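Accompanying notes for the structure given below.
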Amino acid sequence: MLHDLGTRVRAPLALGATSTLVGILAVWWLAAPDDNPFRHTAGAVSLVGLLPGSASAVLLLVASALGLAVAAGLRRGSAPRGLLVPAALVAAALTAFCMDTQLISFVGYLCAMTIPLVGVILVVSALGRSTAARVTALVAVGLVIWWGVASGSLAPDAIAELVRNLGSGYARVGARPWLLLGLALATAQWLSLTATLASPLTDRLARPSARLDRITTVATVVAALGPLPYVAVRATWLLPDGLFTGPITPADLDPSTRLWGLLLGAAALGGSILTVGLIRPWGRVFPTWMPHLGGRPVPVAAAAVPGYAVAFVLTASAPSIVLLSFEQAADGDPDALWMLLLLPFWMWGPALAVAVWGYVRRRRLEALPAPRPTPTPGRMAA
C-alpha cells in the first residue's frame with residue numbers, strides 16, 4: 001500500500017500539477033506583493049519571511065520551473081541520476097517555506113482537537129473488554145469529571161470560551177496555516193521523489209544489519225522522549241493551585257486555557273506512546289482489545305505516513321523555533337532559551353524520521369520470503 005501510494009504521488013503528471021500550482025502562486029505574489037503571506041507573518045517566525053522584497057516569490061517560481069523540468073524528464077524516461085540534484089533542489093526550496101512556527105502550531109492544534117474523540121473511542125473499547133478494563137475506564141472517566149468540575153475547565157462556559165478563542169484565532173491568521181499545510185504536502189511529494197531517485201545509492205541500507213537495527217532503536221527511544229518535557233510542563237496544570245510553581249501562576253490560567261493546554265499535552269503524550277510502538281509488537285499487529293482490528297497486521301502505511309509527516313513538520317519547524325528563542329533572548333528574556341529543551345524539535349524531528357525509516361525497513365525485511373536452505377554436498381535430497 002505504501003509503495004502504491006508513493007508511486008501515484010511521484011507520477012510525472014502529479015509532479016507537474018504540483019509544480020504548476022506552485023508557479024501560479026509565485027506569479028500571483030509577484031503581481032500582487034501585498035498578497036504574499038510571507039511578507040506579513042502575523043506574529044509567526046518564518047525563515048522565508050526574512051527574505052527581502054519579492055525574493056520568496058522568486059524562489060517559489062524557480063522551484064516551479066525546476067519541478068516542471070524534472071516532471072518532463074521523468075516523462076521522457078531520463079536517467080534518474082541526472083534528475084536527482086534538481087529534484088533535491090525543489091524539495092529544499094519548498095522545505096524553506098515550511099520553516100515556520102505557524103506550521104507546527106497548526107498541526108499541534110489539529111492533533112489536540114482529536115483527543116476528546118480518541119478518549120471516547122478508548123473508553124468504549126475498554127467497556128467491551130474484561131472487568132479490569134471496564135473498572136479502569138470508569139475510574140479514569142470519574143477522575144476526568146472530578147478534575148473538570150473542581151477546576152471549572154469542563155464547565156459549559158469554559159468550553160464555549162475555548163471554542164470562541166479557537167475560532168477567533170483561526171480567523172485572525174486567515175488562510176496562512178492552510179497554505180503552509182499545502183506547501184508541506186508538496187514538499188513531502190518532492191522529498192519522496194528525491195528519496196526514490198537516490199535509492200540506487202542507498203540500496204545497501206535496505207539489507208539486514210544488526211548495526212542499523214541498533215541505531216534505529218536508539219533513534220526511536222530518543223524520539224519517544226522528545227515530547228516528554230512538554231508533557232511534564234503541561235501535566236503541572238493538573239495540580240491544585242496551592243502546589244503550582246513555575247513562571248506561570250494559577251492567576252494566568254483561566255479554565256479554558258488550562259483545558260486547552262492539557263489537550264495539547266495529551267496529544268504530545270499520545271505521540272510518544274505511538275512512537276514506542278515502532279519497536280514493540282503492537283506496532284506490527286493491532287492489540288486484541290481494538291474492535292474489528294485486533295490481531296490483524298498493522299499496514300505499514302498506517303504508521304509510516306503519519307510518522308514521516310510529523311517528523312517532517314517537527315524538523316522543518318526546528319530552525320524557526322531556534323530563531324525565535326534566540327530573538328527573545330536577545331530582547332532581554334534569557335529564559336526563552338529553555339524553549340529549546342521544552343520543544344526539542346531539533347532532536348525530536350530527525351530522530352523520529354530515522355525511527356520511522358527503521359520501522360519501514362524492518363517490516364519490509366520481515367515480508368521477504370525466507371531464503372531456501374542450501375543442500376549439503378554429498379547428501380541426497382529427501
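Every residue gets a Cβ built from N, Cα and C, even glycine.
No curator has checked TrEMBL annotations; they are predicted automatically.
As given in TrEMBL:
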type     : residues : note
TRANSMEM : 12-31    : transmembrane segment
TRANSMEM : 51-74    : transmembrane segment
TRANSMEM : 81-97    : transmembrane segment
TRANSMEM : 103-128  : transmembrane segment
TRANSMEM : 135-155  : transmembrane segment
TRANSMEM : 175-198  : transmembrane segment
TRANSMEM : 218-239  : transmembrane segment
TRANSMEM : 259-279  : transmembrane segment
TRANSMEM : 300-324  : transmembrane segment
TRANSMEM : 336-360  : transmembrane segment
Determine whether the transmembrane segment (218-239) and the transmembrane segment (81-97) share at least three Cβ pairs under 8 Å, counting only pairs 6 or more apart in sequence.
no
Which of 12-31, 51-74, 81-97, 175-198, 336-360 has the most Cβ pairs closer than 8 Å to the transmembrane segment (300-324)?
336-360
Would you kindly check 12-31, 81-97, 135-155 and say which stretch has the most C-beta pairs under 8 angstroms to the transmembrane segment (175-198)?
81-97
